[in-house]
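Residues annotated as domain 'Beta-hexosaminidase eukaryotic type N-terminal' in TrEMBL: 159-212. Among the features that TrEMBL reports, domain 'Glycoside hydrolase family 20 catalytic' is placed at 242-581. Per TrEMBL, the feature active site, proton donor maps to E407.
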Amino acid sequence: MFDRFIRKKFIVVAVMASGWVALVLMAVNIVQSHENNGLEDIVPPIYEPSWMYKCLPEEGCIRSDEPHPTTNNVTNLTFNSLDICRTVCGRLGGLWPRPVTAVLSTRTVKIHPNYLRFDLEKVPVEAREIMAAMTQVVGSNLLAECDGEVTEVVETPVIVFISVKSADTSLHWETEEQYMLDLASKEGQITVYIMAETVYGARHALETFTQLVASEKSDYSNQKKCGLQIVAGARIRDRPVYRHRGLLLDSSRHFIPMTDIKRTIDGMAANKMNVFHWHVTDTHSFPLESSRVPQFTRYGAYSAKEIYSVEEVKDFIKYAQIRGVRVVIEIDAPAHAGNGWQWGKEYGYGDLAVCVNANAWRHLCIQPPCGQLNPANPAMYRVLRDLYRDIAEMVTKPALLHMGGDEVFFNCWNASEEITNYMRQKNYEISLNGFIDLWSEFHEKALQAWDEELEAAGGTKQPVMLWSSELTQVRRIQQHLSNERYVIEVWEPVDSPLLEQLIKMHYRVVSVPKDIWYLDHGLWGVTKYSNWRRMYAHMLPREENVLGGEVAMWTEYVDKEGIDTRIWPRAAAVAERLWSDPSASVYSAERRLQRQRGRLLARGLRPDAIAPGWCEQHDAKCL
(Lines of atoms letter the chains of each structure in order from A and count residues from 1; the text may use other names and numbers.)
(Lines give C-alpha, C1' and ligand atoms only; values in the text may rest on other atoms or scores of the structure.)
Protein backbone atom coordinates (compact mmCIF):
# COMPACT_ATOMS: atom_id res chain seq x y z
CA MET A 1 0.00 0.00 0.00
CA PHE A 2 2.83 2.36 0.85
CA ASP A 3 4.62 1.45 -2.42
CA ARG A 4 1.54 2.27 -4.54
CA PHE A 5 1.23 5.65 -2.84
CA ILE A 6 4.83 6.59 -3.75
CA ARG A 7 4.34 5.73 -7.48
CA LYS A 8 1.24 7.92 -7.74
CA LYS A 9 3.08 10.83 -6.22
CA PHE A 10 5.92 10.46 -8.70
CA ILE A 11 3.61 10.62 -11.75
CA VAL A 12 1.95 13.85 -10.62
CA VAL A 13 5.18 15.62 -9.76
CA ALA A 14 6.92 14.58 -13.01
CA VAL A 15 4.41 16.46 -15.07
CA MET A 16 4.84 19.61 -13.06
CA ALA A 17 8.62 19.94 -13.04
CA SER A 18 11.45 17.72 -14.17
CA GLY A 19 13.68 19.09 -11.46
CA TRP A 20 11.70 17.15 -8.88
CA VAL A 21 11.91 13.82 -10.67
CA ALA A 22 15.35 12.90 -9.50
CA LEU A 23 14.37 13.69 -5.97
CA VAL A 24 11.30 11.50 -6.12
CA LEU A 25 13.20 8.69 -7.71
CA MET A 26 15.77 8.92 -4.99
CA ALA A 27 13.08 8.64 -2.36
CA VAL A 28 11.61 5.58 -4.06
CA ASN A 29 15.01 3.97 -4.28
CA ILE A 30 15.59 4.52 -0.58
CA VAL A 31 12.27 2.95 0.36
CA GLN A 32 12.76 0.03 -1.96
CA SER A 33 16.27 -0.54 -0.70
CA HIS A 34 14.95 -0.65 2.88
CA GLU A 35 12.23 -3.11 1.92
CA ASN A 36 14.58 -5.43 0.07
CA ASN A 37 17.09 -5.64 2.90
CA GLY A 38 14.73 -5.48 5.91
CA LEU A 39 14.73 -7.22 9.32
CA GLU A 40 12.62 -10.04 7.87
CA ASP A 41 15.79 -11.39 6.23
CA ILE A 42 17.30 -12.04 9.70
CA VAL A 43 16.40 -15.45 11.12
CA PRO A 44 16.31 -15.30 14.97
CA PRO A 45 17.85 -18.18 16.92
CA ILE A 46 15.33 -20.71 18.21
CA TYR A 47 15.47 -20.53 22.02
CA GLU A 48 13.80 -18.67 24.84
CA PRO A 49 16.21 -15.89 25.79
CA SER A 50 16.83 -14.99 29.42
CA TRP A 51 19.22 -12.81 31.35
CA MET A 52 21.95 -14.49 33.32
CA TYR A 53 23.55 -13.30 36.54
CA LYS A 54 27.17 -13.47 37.55
CA CYS A 55 28.20 -13.54 41.20
CA LEU A 56 30.98 -11.15 42.17
CA PRO A 57 31.36 -12.10 45.86
CA GLU A 58 32.47 -8.63 46.99
CA GLU A 59 29.81 -6.80 44.98
CA GLY A 60 26.85 -9.09 44.44
CA CYS A 61 24.99 -10.32 41.38
CA ILE A 62 25.37 -8.53 38.04
CA ARG A 63 23.13 -9.06 35.00
CA SER A 64 24.70 -10.24 31.76
CA ASP A 65 25.28 -7.77 28.92
CA GLU A 66 22.87 -9.64 26.66
CA PRO A 67 20.30 -12.45 26.93
CA HIS A 68 21.49 -16.05 26.70
CA PRO A 69 19.88 -19.45 26.18
CA THR A 70 18.58 -20.79 29.47
CA THR A 71 20.35 -24.12 29.04
CA ASN A 72 23.93 -23.02 28.32
CA ASN A 73 26.76 -20.98 29.81
CA VAL A 74 25.91 -21.84 33.44
CA THR A 75 28.99 -22.03 35.68
CA ASN A 76 29.54 -22.17 39.43
CA LEU A 77 29.36 -18.36 39.58
CA THR A 78 26.82 -17.69 36.81
CA PHE A 79 23.12 -18.39 37.21
CA ASN A 80 19.89 -18.31 35.22
CA SER A 81 18.02 -16.95 38.26
CA LEU A 82 18.76 -13.71 40.11
CA ASP A 83 17.20 -15.22 43.25
CA ILE A 84 19.50 -18.24 43.12
CA CYS A 85 22.51 -16.02 42.47
CA ARG A 86 21.69 -13.89 45.51
CA THR A 87 21.05 -16.97 47.66
CA VAL A 88 24.62 -18.23 47.26
CA CYS A 89 26.63 -15.10 46.40
CA GLY A 90 28.96 -13.73 49.04
CA ARG A 91 29.70 -14.93 52.54
CA LEU A 92 26.13 -14.41 53.77
CA GLY A 93 24.25 -15.18 50.55
CA GLY A 94 20.67 -13.95 50.85
CA LEU A 95 20.26 -14.45 54.62
CA TRP A 96 18.23 -11.82 56.48
CA PRO A 97 18.61 -10.80 59.21
CA ARG A 98 22.36 -11.25 59.23
CA PRO A 99 23.43 -14.31 61.27
CA VAL A 100 26.35 -14.37 63.69
CA THR A 101 28.33 -16.76 61.49
CA ALA A 102 27.53 -18.49 58.22
CA VAL A 103 29.42 -20.66 55.74
CA LEU A 104 27.52 -21.37 52.52
CA SER A 105 28.24 -23.47 49.47
CA THR A 106 28.01 -21.77 46.07
CA ARG A 107 26.64 -25.00 44.60
CA THR A 108 22.92 -25.77 44.59
CA VAL A 109 20.78 -28.90 44.44
CA LYS A 110 17.29 -29.20 42.99
CA ILE A 111 14.53 -30.13 45.47
CA HIS A 112 10.76 -30.44 45.65
CA PRO A 113 8.57 -29.78 48.76
CA ASN A 114 6.85 -33.16 48.33
CA TYR A 115 10.07 -34.86 49.39
CA LEU A 116 10.66 -32.72 52.48
CA ARG A 117 10.43 -34.53 55.83
CA PHE A 118 10.85 -33.39 59.46
CA ASP A 119 12.11 -35.62 62.26
CA LEU A 120 10.82 -34.42 65.66
CA GLU A 121 12.00 -37.37 67.74
CA LYS A 122 14.37 -35.13 69.73
CA VAL A 123 11.69 -32.53 70.45
CA PRO A 124 10.08 -32.91 73.93
CA VAL A 125 6.58 -34.38 73.76
CA GLU A 126 5.07 -31.26 75.34
CA ALA A 127 6.50 -29.09 72.55
CA ARG A 128 5.84 -31.31 69.54
CA GLU A 129 2.42 -29.94 68.65
CA ILE A 130 3.61 -26.37 68.25
CA MET A 131 6.84 -27.54 66.61
CA ALA A 132 4.84 -29.52 64.05
CA ALA A 133 2.74 -26.44 63.31
CA MET A 134 5.94 -24.46 62.76
CA THR A 135 7.19 -27.00 60.21
CA GLN A 136 3.94 -26.71 58.26
CA VAL A 137 4.66 -23.02 57.68
CA VAL A 138 7.94 -24.02 56.03
CA GLY A 139 6.19 -26.00 53.31
CA SER A 140 3.85 -23.16 52.39
CA ASN A 141 6.75 -20.69 52.29
CA LEU A 142 8.72 -22.92 49.92
CA LEU A 143 5.71 -23.32 47.64
CA ALA A 144 5.32 -19.55 47.62
CA GLU A 145 8.71 -19.23 45.92
CA CYS A 146 7.04 -20.80 42.87
CA ASP A 147 3.72 -18.97 43.26
CA GLY A 148 2.15 -22.04 44.83
CA GLU A 149 3.21 -24.69 42.29
CA VAL A 150 6.63 -26.30 41.83
CA THR A 151 6.43 -27.79 38.33
CA GLU A 152 9.93 -29.25 38.18
CA VAL A 153 9.62 -32.48 40.16
CA VAL A 154 12.76 -34.11 41.55
CA GLU A 155 12.83 -36.89 44.11
CA THR A 156 15.83 -35.78 46.15
CA PRO A 157 14.97 -36.47 49.82
CA VAL A 158 15.33 -33.53 52.21
CA ILE A 159 15.29 -34.63 55.85
CA VAL A 160 15.33 -32.03 58.63
CA PHE A 161 16.29 -33.37 62.06
CA ILE A 162 15.18 -30.98 64.82
CA SER A 163 16.60 -31.18 68.34
CA VAL A 164 15.04 -29.01 71.09
CA LYS A 165 16.19 -29.17 74.70
CA SER A 166 13.41 -27.38 76.59
CA ALA A 167 9.77 -28.43 76.81
CA ASP A 168 8.80 -24.84 77.70
CA THR A 169 6.66 -23.23 74.96
CA SER A 170 6.12 -19.87 76.68
CA LEU A 171 7.41 -16.82 74.83
CA HIS A 172 8.83 -13.92 76.84
CA TRP A 173 11.89 -11.71 77.27
CA GLU A 174 13.96 -14.52 78.77
CA THR A 175 13.18 -17.07 76.04
CA GLU A 176 16.34 -18.51 74.48
CA GLU A 177 16.21 -17.97 70.70
CA GLN A 178 19.66 -19.07 69.56
CA TYR A 179 20.06 -21.95 67.12
CA MET A 180 22.54 -23.99 65.09
CA LEU A 181 21.89 -25.23 61.56
CA ASP A 182 24.02 -27.62 59.51
CA LEU A 183 23.08 -28.67 55.99
CA ALA A 184 24.87 -31.25 53.82
CA SER A 185 24.16 -32.96 50.51
CA LYS A 186 25.56 -36.44 50.10
CA GLU A 187 24.65 -39.54 48.13
CA GLY A 188 21.53 -38.03 46.59
CA GLN A 189 20.09 -36.75 49.87
CA ILE A 190 19.90 -33.40 51.67
CA THR A 191 20.32 -33.67 55.44
CA VAL A 192 19.64 -30.74 57.76
CA TYR A 193 20.39 -30.70 61.49
CA ILE A 194 18.77 -28.01 63.65
CA MET A 195 19.68 -27.65 67.32
CA ALA A 196 18.05 -25.14 69.68
CA GLU A 197 17.23 -24.63 73.33
CA THR A 198 13.56 -23.86 72.63
CA VAL A 199 11.01 -24.30 69.86
CA TYR A 200 11.38 -20.60 69.09
CA GLY A 201 15.07 -20.96 68.36
CA ALA A 202 14.21 -23.94 66.17
CA ARG A 203 11.55 -21.84 64.43
CA HIS A 204 14.12 -19.19 63.59
CA ALA A 205 16.35 -21.95 62.21
CA LEU A 206 13.49 -23.13 59.99
CA GLU A 207 13.09 -19.56 58.74
CA THR A 208 16.78 -19.54 57.88
CA PHE A 209 16.36 -22.91 56.16
CA THR A 210 13.75 -21.40 53.83
CA GLN A 211 16.25 -18.65 52.99
CA LEU A 212 18.66 -21.27 51.67
CA VAL A 213 16.12 -22.08 48.95
CA ALA A 214 15.35 -20.06 45.82
CA SER A 215 13.33 -20.55 42.67
CA GLU A 216 14.29 -20.75 39.02
CA LYS A 217 11.51 -19.58 36.71
CA SER A 218 11.23 -19.25 32.96
CA ASP A 219 11.12 -15.51 32.31
CA TYR A 220 9.78 -15.51 28.76
CA SER A 221 7.87 -18.75 28.37
CA ASN A 222 4.07 -18.78 28.14
CA GLN A 223 4.17 -22.13 29.90
CA LYS A 224 4.49 -21.92 33.68
CA LYS A 225 7.74 -23.52 34.77
CA CYS A 226 9.33 -23.25 38.18
CA GLY A 227 11.82 -25.30 40.16
CA LEU A 228 13.44 -24.96 43.57
CA GLN A 229 17.13 -25.16 44.41
CA ILE A 230 18.81 -25.29 47.81
CA VAL A 231 22.41 -24.58 48.71
CA ALA A 232 24.41 -27.80 48.75
CA GLY A 233 26.01 -27.06 52.11
CA ALA A 234 25.67 -24.64 55.02
CA ARG A 235 26.86 -24.13 58.58
CA ILE A 236 25.12 -21.37 60.54
CA ARG A 237 25.35 -20.27 64.18
CA ASP A 238 22.98 -17.54 65.25
CA ARG A 239 21.37 -15.69 68.16
CA PRO A 240 19.69 -12.31 68.66
CA VAL A 241 21.34 -9.29 70.26
CA TYR A 242 18.12 -7.80 71.64
CA ARG A 243 15.27 -9.64 73.38
CA HIS A 244 12.48 -7.29 72.25
CA ARG A 245 12.23 -6.88 68.46
CA GLY A 246 8.86 -5.32 67.94
CA LEU A 247 6.43 -3.82 65.47
CA LEU A 248 3.57 -1.60 66.61
CA LEU A 249 0.36 -1.48 64.60
CA ASP A 250 -2.42 0.97 65.38
CA SER A 251 -5.86 -0.43 64.51
CA SER A 252 -7.94 2.30 66.15
CA ARG A 253 -7.37 5.27 63.83
CA HIS A 254 -8.22 2.93 60.95
CA PHE A 255 -9.63 -0.56 61.41
CA ILE A 256 -7.17 -3.10 59.96
CA PRO A 257 -8.82 -6.43 59.00
CA MET A 258 -7.44 -9.54 60.65
CA THR A 259 -6.29 -10.91 57.29
CA ASP A 260 -3.99 -7.92 56.91
CA ILE A 261 -2.75 -8.19 60.49
CA LYS A 262 -1.89 -11.86 59.99
CA ARG A 263 -0.01 -10.95 56.83
CA THR A 264 1.96 -8.47 58.92
CA ILE A 265 2.79 -11.30 61.33
CA ASP A 266 4.04 -13.33 58.36
CA GLY A 267 6.39 -10.48 57.51
CA MET A 268 7.58 -10.26 61.10
CA ALA A 269 8.29 -13.99 61.20
CA ALA A 270 10.30 -13.75 57.98
CA ASN A 271 12.48 -11.13 59.68
CA LYS A 272 12.71 -12.85 63.10
CA MET A 273 10.80 -10.09 64.90
CA ASN A 274 9.21 -11.41 68.08
CA VAL A 275 6.79 -8.80 69.55
CA PHE A 276 3.59 -7.55 67.93
CA HIS A 277 2.57 -4.44 69.87
CA TRP A 278 -1.13 -4.07 69.14
CA HIS A 279 -2.37 -0.52 69.75
CA VAL A 280 -5.91 -1.77 69.40
CA THR A 281 -7.85 1.06 71.10
CA ASP A 282 -7.71 4.85 71.16
CA THR A 283 -10.14 7.76 71.36
CA HIS A 284 -11.12 7.16 67.73
CA SER A 285 -12.55 3.66 68.09
CA PHE A 286 -12.71 0.59 70.33
CA PRO A 287 -12.83 -2.47 68.03
CA LEU A 288 -11.71 -5.10 70.60
CA GLU A 289 -14.62 -7.24 71.77
CA SER A 290 -15.00 -7.71 75.52
CA SER A 291 -17.21 -10.57 76.62
CA ARG A 292 -17.76 -8.89 79.99
CA VAL A 293 -18.29 -5.36 78.66
CA PRO A 294 -20.01 -5.60 75.26
CA GLN A 295 -20.69 -1.86 75.34
CA PHE A 296 -17.08 -1.18 74.31
CA THR A 297 -17.64 -2.31 70.73
CA ARG A 298 -21.32 -1.31 70.59
CA TYR A 299 -20.36 2.30 71.26
CA GLY A 300 -16.78 2.27 70.01
CA ALA A 301 -16.57 0.24 66.78
CA TYR A 302 -16.75 2.01 63.42
CA SER A 303 -19.31 -0.58 62.31
CA ALA A 304 -20.58 -4.05 63.20
CA LYS A 305 -18.13 -5.50 60.66
CA GLU A 306 -15.13 -3.71 62.13
CA ILE A 307 -14.77 -5.67 65.37
CA TYR A 308 -12.15 -8.17 66.57
CA SER A 309 -14.15 -10.94 68.25
CA VAL A 310 -12.83 -12.82 71.27
CA GLU A 311 -12.46 -16.05 69.31
CA GLU A 312 -10.79 -14.23 66.44
CA VAL A 313 -8.24 -12.70 68.80
CA LYS A 314 -7.48 -16.04 70.45
CA ASP A 315 -6.93 -17.61 67.03
CA PHE A 316 -4.69 -14.71 66.03
CA ILE A 317 -2.57 -14.99 69.18
CA LYS A 318 -2.00 -18.68 68.42
CA TYR A 319 -1.22 -17.86 64.79
CA ALA A 320 1.44 -15.40 65.93
CA GLN A 321 2.91 -17.79 68.51
CA ILE A 322 3.46 -20.45 65.83
CA ARG A 323 5.48 -17.82 63.96
CA GLY A 324 7.55 -16.90 67.01
CA VAL A 325 5.71 -13.65 67.73
CA ARG A 326 4.34 -12.56 71.11
CA VAL A 327 1.18 -10.43 71.00
CA VAL A 328 1.19 -7.50 73.43
CA ILE A 329 -2.19 -5.77 73.62
CA GLU A 330 -2.18 -2.08 74.50
CA ILE A 331 -5.17 -0.46 76.19
CA ASP A 332 -4.06 3.15 76.17
CA ALA A 333 -5.07 4.92 79.38
CA PRO A 334 -5.87 7.21 81.07
CA ALA A 335 -5.60 9.45 77.97
CA HIS A 336 -6.45 8.26 74.44
CA ALA A 337 -9.71 6.80 75.77
CA GLY A 338 -12.96 8.15 74.33
CA ASN A 339 -15.23 6.32 71.89
CA GLY A 340 -16.19 3.06 73.52
CA TRP A 341 -16.29 4.65 76.99
CA GLN A 342 -19.14 7.14 76.50
CA TRP A 343 -22.03 4.91 77.60
CA GLY A 344 -21.62 5.20 81.39
CA LYS A 345 -24.51 7.55 82.21
CA GLU A 346 -26.96 5.58 80.10
CA TYR A 347 -26.22 2.47 82.15
CA GLY A 348 -26.10 4.20 85.53
CA TYR A 349 -22.30 4.21 85.81
CA GLY A 350 -21.78 7.96 85.56
CA ASP A 351 -19.05 9.47 83.37
CA LEU A 352 -16.49 6.74 82.71
CA ALA A 353 -14.56 9.19 80.54
CA VAL A 354 -14.56 12.96 80.16
CA CYS A 355 -14.04 15.33 77.23
CA VAL A 356 -15.27 12.61 74.86
CA ASN A 357 -15.68 14.05 71.34
CA ALA A 358 -15.44 17.59 72.72
CA ASN A 359 -15.66 20.30 70.09
CA ALA A 360 -12.92 22.53 71.50
CA TRP A 361 -10.42 19.72 71.10
CA ARG A 362 -7.24 21.81 70.72
CA HIS A 363 -7.29 22.70 74.43
CA LEU A 364 -8.25 19.24 75.66
CA CYS A 365 -6.25 16.63 73.72
CA ILE A 366 -3.47 16.04 71.22
CA GLN A 367 -5.78 15.33 68.26
CA PRO A 368 -9.51 14.92 67.64
CA PRO A 369 -11.52 13.24 68.97
CA CYS A 370 -10.77 13.85 72.65
CA GLY A 371 -11.32 11.60 75.63
CA GLN A 372 -9.67 10.66 78.94
CA LEU A 373 -10.74 8.22 81.62
CA ASN A 374 -12.37 9.62 84.72
CA PRO A 375 -10.19 8.68 87.73
CA ALA A 376 -12.75 10.20 90.12
CA ASN A 377 -15.35 7.55 89.21
CA PRO A 378 -14.96 4.19 91.02
CA ALA A 379 -17.17 2.54 88.36
CA MET A 380 -14.50 3.28 85.75
CA TYR A 381 -12.04 1.06 87.61
CA ARG A 382 -14.62 -1.74 87.86
CA VAL A 383 -15.19 -1.61 84.10
CA LEU A 384 -11.45 -1.46 83.46
CA ARG A 385 -11.00 -4.50 85.69
CA ASP A 386 -13.51 -6.48 83.61
CA LEU A 387 -11.63 -5.55 80.44
CA TYR A 388 -8.33 -6.61 81.99
CA ARG A 389 -9.81 -9.98 82.94
CA ASP A 390 -10.91 -10.56 79.33
CA ILE A 391 -7.40 -9.76 78.09
CA ALA A 392 -5.77 -11.95 80.73
CA GLU A 393 -7.87 -14.88 79.54
CA MET A 394 -7.00 -14.28 75.86
CA VAL A 395 -3.22 -13.80 75.84
CA THR A 396 -0.58 -16.47 76.33
CA LYS A 397 1.23 -16.71 79.64
CA PRO A 398 3.31 -15.05 80.94
CA ALA A 399 1.05 -12.17 79.95
CA LEU A 400 2.49 -8.79 79.02
CA LEU A 401 0.15 -5.79 78.97
CA HIS A 402 0.92 -2.36 77.57
CA MET A 403 -0.99 0.18 79.69
CA GLY A 404 -0.40 3.18 77.41
CA GLY A 405 0.07 6.15 79.73
CA ASP A 406 1.11 8.97 77.41
CA GLU A 407 -0.12 12.44 76.47
CA VAL A 408 -2.43 13.13 79.42
CA PHE A 409 -3.92 16.62 78.99
CA PHE A 410 -4.53 18.22 82.35
CA ASN A 411 -6.90 20.78 80.80
CA CYS A 412 -9.32 17.94 80.14
CA TRP A 413 -9.38 16.78 83.76
CA ASN A 414 -9.44 20.38 84.95
CA ALA A 415 -12.60 20.98 82.89
CA SER A 416 -14.48 18.32 84.91
CA GLU A 417 -16.02 19.54 88.16
CA GLU A 418 -16.32 15.94 89.33
CA ILE A 419 -12.58 15.41 88.96
CA THR A 420 -11.49 18.68 90.56
CA ASN A 421 -13.82 18.06 93.52
CA TYR A 422 -12.31 14.60 93.91
CA MET A 423 -8.82 16.10 93.89
CA ARG A 424 -9.73 18.47 96.69
CA GLN A 425 -11.08 15.54 98.72
CA LYS A 426 -7.72 13.80 98.22
CA ASN A 427 -5.85 16.98 99.16
CA TYR A 428 -4.36 17.19 95.67
CA GLU A 429 -3.58 20.71 94.52
CA ILE A 430 -5.40 21.92 91.42
CA SER A 431 -2.01 22.41 89.78
CA LEU A 432 0.59 20.57 87.73
CA ASN A 433 1.79 18.61 90.75
CA GLY A 434 -1.74 17.75 91.79
CA PHE A 435 -2.62 16.37 88.35
CA ILE A 436 0.63 14.38 88.37
CA ASP A 437 -0.47 12.83 91.68
CA LEU A 438 -3.88 11.99 90.18
CA TRP A 439 -2.20 10.44 87.14
CA SER A 440 0.09 8.38 89.38
CA GLU A 441 -2.89 7.22 91.45
CA PHE A 442 -4.59 5.99 88.27
CA HIS A 443 -1.62 3.82 87.35
CA GLU A 444 -1.37 2.44 90.88
CA LYS A 445 -5.03 1.38 90.88
CA ALA A 446 -4.91 0.09 87.28
CA LEU A 447 -1.83 -2.01 88.04
CA GLN A 448 -3.48 -3.50 91.11
CA ALA A 449 -6.56 -4.38 89.05
CA TRP A 450 -4.43 -6.02 86.34
CA ASP A 451 -2.39 -8.00 88.85
CA GLU A 452 -5.51 -9.35 90.56
CA GLU A 453 -7.34 -10.23 87.36
CA LEU A 454 -4.24 -11.85 85.87
CA GLU A 455 -3.85 -14.01 88.96
CA ALA A 456 -7.55 -14.93 88.79
CA ALA A 457 -7.00 -16.01 85.17
CA GLY A 458 -4.16 -18.34 86.17
CA GLY A 459 -1.25 -16.00 85.58
CA THR A 460 1.47 -14.61 87.81
CA LYS A 461 2.50 -11.02 88.48
CA GLN A 462 4.45 -9.59 85.53
CA PRO A 463 6.01 -6.26 84.51
CA VAL A 464 3.82 -3.98 82.43
CA MET A 465 4.78 -1.48 79.75
CA LEU A 466 4.19 2.28 79.72
CA TRP A 467 4.95 5.00 77.18
CA SER A 468 7.40 7.69 78.20
CA SER A 469 5.60 10.85 79.32
CA GLU A 470 5.70 13.72 81.79
CA LEU A 471 5.29 11.06 84.47
CA THR A 472 8.49 9.26 83.39
CA GLN A 473 10.77 12.31 83.43
CA VAL A 474 13.80 11.73 85.63
CA ARG A 475 12.81 14.37 88.19
CA ARG A 476 9.63 12.50 89.14
CA ILE A 477 9.56 8.91 87.80
CA GLN A 478 11.02 7.28 90.92
CA GLN A 479 8.32 8.87 93.09
CA HIS A 480 5.53 7.32 91.04
CA LEU A 481 6.68 4.28 89.03
CA SER A 482 8.68 1.29 90.27
CA ASN A 483 11.55 0.12 88.07
CA GLU A 484 10.66 -3.45 89.04
CA ARG A 485 7.10 -3.24 87.72
CA TYR A 486 7.27 -0.86 84.75
CA VAL A 487 9.13 -1.15 81.47
CA ILE A 488 9.29 2.26 79.78
CA GLU A 489 8.86 2.53 76.02
CA VAL A 490 10.78 5.67 75.09
CA TRP A 491 9.40 7.40 71.99
CA GLU A 492 11.17 10.73 72.32
CA PRO A 493 13.47 12.02 69.54
CA VAL A 494 16.84 10.36 69.14
CA ASP A 495 18.67 13.36 70.62
CA SER A 496 16.64 13.21 73.85
CA PRO A 497 18.68 12.18 76.91
CA LEU A 498 15.75 10.32 78.49
CA LEU A 499 16.69 6.83 77.26
CA GLU A 500 20.18 6.99 78.75
CA GLN A 501 18.87 8.60 81.92
CA LEU A 502 16.34 5.84 82.55
CA ILE A 503 18.98 3.18 81.88
CA LYS A 504 21.19 4.74 84.54
CA MET A 505 18.23 4.71 86.94
CA HIS A 506 17.90 0.93 86.33
CA TYR A 507 14.65 1.08 84.40
CA ARG A 508 14.20 -1.47 81.63
CA VAL A 509 13.50 0.30 78.37
CA VAL A 510 12.28 -0.33 74.83
CA SER A 511 13.34 2.29 72.29
CA VAL A 512 11.24 3.64 69.42
CA PRO A 513 12.69 7.06 68.49
CA LYS A 514 9.85 8.81 66.75
CA ASP A 515 12.01 10.84 64.37
CA ILE A 516 13.63 7.69 62.95
CA TRP A 517 11.50 4.58 63.59
CA TYR A 518 7.98 6.01 63.17
CA LEU A 519 6.77 4.68 59.82
CA ASP A 520 4.15 7.40 59.38
CA HIS A 521 6.61 10.27 59.61
CA GLY A 522 7.32 12.26 56.48
CA LEU A 523 3.79 11.74 55.24
CA TRP A 524 2.06 14.44 57.30
CA GLY A 525 2.85 17.77 58.96
CA VAL A 526 6.49 18.74 59.40
CA THR A 527 7.69 15.22 60.12
CA LYS A 528 10.65 13.72 58.25
CA TYR A 529 10.54 10.49 56.24
CA SER A 530 13.11 7.82 57.12
CA ASN A 531 14.14 5.52 54.30
CA TRP A 532 15.37 2.03 55.10
CA ARG A 533 19.01 3.11 55.17
CA ARG A 534 18.35 5.74 57.83
CA MET A 535 16.34 3.29 59.90
CA TYR A 536 19.04 0.64 59.52
CA ALA A 537 21.84 3.01 60.54
CA HIS A 538 20.31 3.90 63.93
CA MET A 539 21.92 1.92 66.76
CA LEU A 540 20.71 1.31 70.30
CA PRO A 541 22.87 1.15 73.43
CA ARG A 542 24.02 -2.34 74.30
CA GLU A 543 23.00 -2.36 77.94
CA GLU A 544 21.39 -5.10 79.98
CA ASN A 545 18.31 -2.95 80.64
CA VAL A 546 17.83 -2.12 76.96
CA LEU A 547 15.40 -4.87 76.03
CA GLY A 548 15.29 -3.76 72.41
CA GLY A 549 13.19 -1.57 70.17
CA GLU A 550 10.15 -1.24 67.97
CA VAL A 551 9.17 0.26 64.67
CA ALA A 552 5.77 1.98 64.83
CA MET A 553 2.97 2.05 62.24
CA TRP A 554 0.46 4.70 63.31
CA THR A 555 -2.59 4.79 61.06
CA GLU A 556 -4.02 8.32 61.08
CA TYR A 557 -3.13 8.58 57.40
CA VAL A 558 -3.05 4.98 56.19
CA ASP A 559 -5.50 2.08 56.12
CA LYS A 560 -5.44 -1.54 55.00
CA GLU A 561 -4.77 -0.49 51.41
CA GLY A 562 -1.36 0.93 52.21
CA ILE A 563 0.07 -0.63 55.35
CA ASP A 564 2.28 -3.14 53.51
CA THR A 565 4.19 -0.52 51.56
CA ARG A 566 4.49 1.73 54.61
CA ILE A 567 5.82 -1.09 56.79
CA TRP A 568 7.96 -3.16 54.43
CA PRO A 569 10.82 -3.35 53.71
CA ARG A 570 11.72 -0.57 56.18
CA ALA A 571 10.66 -2.67 59.17
CA ALA A 572 12.95 -5.42 57.89
CA ALA A 573 15.87 -2.99 58.17
CA VAL A 574 15.03 -2.38 61.83
CA ALA A 575 14.62 -6.14 62.31
CA GLU A 576 18.24 -6.77 61.29
CA ARG A 577 19.41 -3.94 63.51
CA LEU A 578 17.66 -5.54 66.49
CA TRP A 579 18.61 -9.13 65.66
CA SER A 580 22.31 -8.79 64.85
CA ASP A 581 23.13 -5.07 65.28
CA PRO A 582 25.77 -5.25 62.52
CA SER A 583 28.68 -2.85 62.26
CA ALA A 584 29.00 -3.40 58.49
CA SER A 585 28.10 -0.67 56.02
CA VAL A 586 24.44 -0.14 55.19
CA TYR A 587 25.32 -0.51 51.52
CA SER A 588 26.63 -4.04 51.94
CA ALA A 589 23.18 -5.02 53.26
CA GLU A 590 21.21 -3.85 50.24
CA ARG A 591 21.65 -6.95 48.05
CA ARG A 592 20.50 -9.19 50.91
CA LEU A 593 17.54 -6.89 51.55
CA GLN A 594 16.62 -7.12 47.86
CA ARG A 595 16.47 -10.90 48.22
CA GLN A 596 14.39 -10.55 51.39
CA ARG A 597 11.98 -8.22 49.62
CA GLY A 598 11.55 -10.88 46.95
CA ARG A 599 10.60 -13.42 49.62
CA LEU A 600 8.03 -11.08 51.13
CA LEU A 601 6.51 -10.53 47.67
CA ALA A 602 6.34 -14.27 47.10
CA ARG A 603 4.58 -14.75 50.45
CA GLY A 604 1.80 -12.33 49.56
CA LEU A 605 3.05 -9.09 51.10
CA ARG A 606 3.40 -5.87 49.12
CA PRO A 607 6.70 -4.29 50.20
CA ASP A 608 7.76 -1.00 48.69
CA ALA A 609 10.55 -0.84 46.11
CA ILE A 610 14.12 -0.28 47.25
CA ALA A 611 15.66 0.89 43.97
CA PRO A 612 14.90 1.15 40.21
CA GLY A 613 14.50 -2.16 38.38
CA TRP A 614 17.88 -1.90 36.64
CA CYS A 615 19.61 -1.32 39.98
CA GLU A 616 17.83 -4.37 41.41
CA GLN A 617 19.54 -6.47 38.72
CA HIS A 618 22.97 -4.86 39.16
CA ASP A 619 24.12 -5.05 42.77
CA ALA A 620 26.44 -2.25 43.92
CA LYS A 621 26.12 -0.32 40.63
CA CYS A 622 23.75 2.31 42.02
CA LEU A 623 25.34 2.92 45.42
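The backbone N, Cα and C atoms fix where each Cβ goes, and this holds for glycine too.
Counting Cβ atoms from all protein chains shown, the residue listed as 'active site, proton donor' has 15 others lying within 10 Å of its own Cβ. Broken down with DSSP, the domain 'Beta-hexosaminidase eukaryotic type N-terminal' (159-212) shows 12 helix, 22 strand, 20 coil. Per-residue pLDDT, averaged across the domain 'Beta-hexosaminidase eukaryotic type N-terminal' (159-212), gives 97.
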